[in-house]
Ligand SMILES: O=c1nc[nH]c2c1ncn2[C@H]1C[C@H](O)[C@@H](COP(=O)(O)OP(=O)(O)OP(=O)(O)O)O1
Ligand SMILES: [Mg+2]
């Protein structure tokens, strides 16, 4: 059976989050989920309930209410009736718990944040919309405290949002509108964080019991919905969201090297890396020159990646590498590319090295390749790792594979030069293979996806 407005079963309604909707509250948000519209405000009060006095800890309290004509038929105001009903009571406690679950109350001082959720139009999912909107209002209110230096850090651990799911006519569906909700056999509200964890699940088999399979399907729908809602919250909060959760970096990286051989090797080694990889040819650099004047491989790698990240606004990955030959004081080291002079060719560099090593016996020809890989993110965060590969310098060039000093470098494991072994083997044992492996491990820890 078709859903109202031809919505897919795993599709949420159009979401609109408008910040600064009213003027006086520290946080004020209008959230629209389809035809459901809720105004959520967050107000800061400089005192706490008695049970928290002199503890240094703050509190968050929520109230929820519906305007008389938010519904099809006019509903009498609770204030006119003189008391709030059980449903309202339950909903405002739910909202309070949800918001408190992601805020470090110990870090807001002895303050109460009053969350007010007022439904101006109800078409199902008003409590979940209230939570999603209230969170954004609370972020705004807390951020104001932070910006005015009243608190030292932003005490928000995670984002939180909520969505309804249910079974209607035997169909599992996401984000029920009023009509669907009133025909639902099973009805559930799912509150989750940006980390994909659950804060609360309220599920009721109103017309029939439900199975574990049903539950799993509904949880999956809830996850889909909440992921999207948190995206919308992020979008609404812009840079404030980045400051709280860290920046989202997208799925594109640029390899910051002018060396086609390196690019090829890096591409091959990173073929299991789950990002779109660009080279410097794919991005517009407008003729910049990078001066590699660092004293270490790490420093030079950072210089290259920083420049390219800044220029492209993409994640930049660079390699600075070279050869350390023990008999000549770890030369050429960071000067490997310009060993025989500023614009030296690979051939000239090899020639110079062979000459210098002419009278050095086999036992003293140990050497290693070093590769430092730097990763710089568009927001300036960065890290650098190092990989090495041990071997020794031959008395003559051997093999045509590879580039640079490959035909002179006899790798211990194979007793052959990198010029003699296939690139697939080099790419599994080389300094670059080792550094990029470390890079991938470190990279995973840094990005939110
Ligand atoms: O696997 C390798 N096999 C042979 N030689 C190698 C290797 N890895 C680095 N090398 C040599 C080539 C160059 O003489 C120097 C790198 O200098 P380095 O500045 O990092 O690279 P580069 O100027 O060629 O390109 P870019 O700076 O744009 O990445 O070490
Ligand atoms: Mg270079």
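Note: Cβ is positioned from N, Cα and C throughout, glycine not excepted.
Quick look at what TrEMBL lists:
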DOMAIN    11-141  domain 'Exoribonuclease phosphorolytic'
BINDING   87, 125, 126, 127  phosphate binding site
DOMAIN    159-223  domain 'Exoribonuclease phosphorolytic'
BINDING   257, 258, 259, 260, 261, 262, 321, 403, 404, 405, 406, 426, 431, 432  substrate binding site
ACT_SITE  320  active site, proton acceptor
BINDING   320  Mg(2+) binding site
What does the structure give for the C-alpha distance between residue 261 (substrate binding site) and the residue listed as 'active site, proton acceptor'? Integer Å is fine. 13
Residues in the domain 'Exoribonuclease phosphorolytic' (11-141) per DSSP class, helix first, strand next, coil last, are 44 helix, 41 strand, 46 coil
The domain 'Exoribonuclease phosphorolytic' (159-223): DSSP-derived helix, strand, coil residue counts: 17 helix, 30 strand, 18 coil
Cβ under 6 Å from an atom of ligand 1: which of these binding-site residues qualify? The list is 261, 321, 406. 321, 406
If you count the other Cβ atoms within 10 Å of each Cβ, which of the binding-site residues 126, 257, 259, 321 comes out on top? 321
Which residue among the recorded positions 320, 406 has the fewest other Cβ atoms within 10 Å of its Cβ, if you could check? 406
Would you identify the secondary structure of residue 321 (substrate binding site) according to DSSP, in three states? strand
Spatial neighbours of residue 125 (phosphate binding site) among the recorded positions 257, 259, 320, 321, 404, 406, defined as Cα within 10 A: which are they? none
Those same-chain residues, other than 87, 125, 126, 127, found with Cβ within 8 Å of the centroid of the phosphate-site Cβ atoms are 64, 91, 119, 122, 124, 128, 129, 130
Could you tell me which of these binding-site residues, 87, 127, 261, 431, has the greatest number of Cβ atoms within 10 Å of its own Cβ? 431
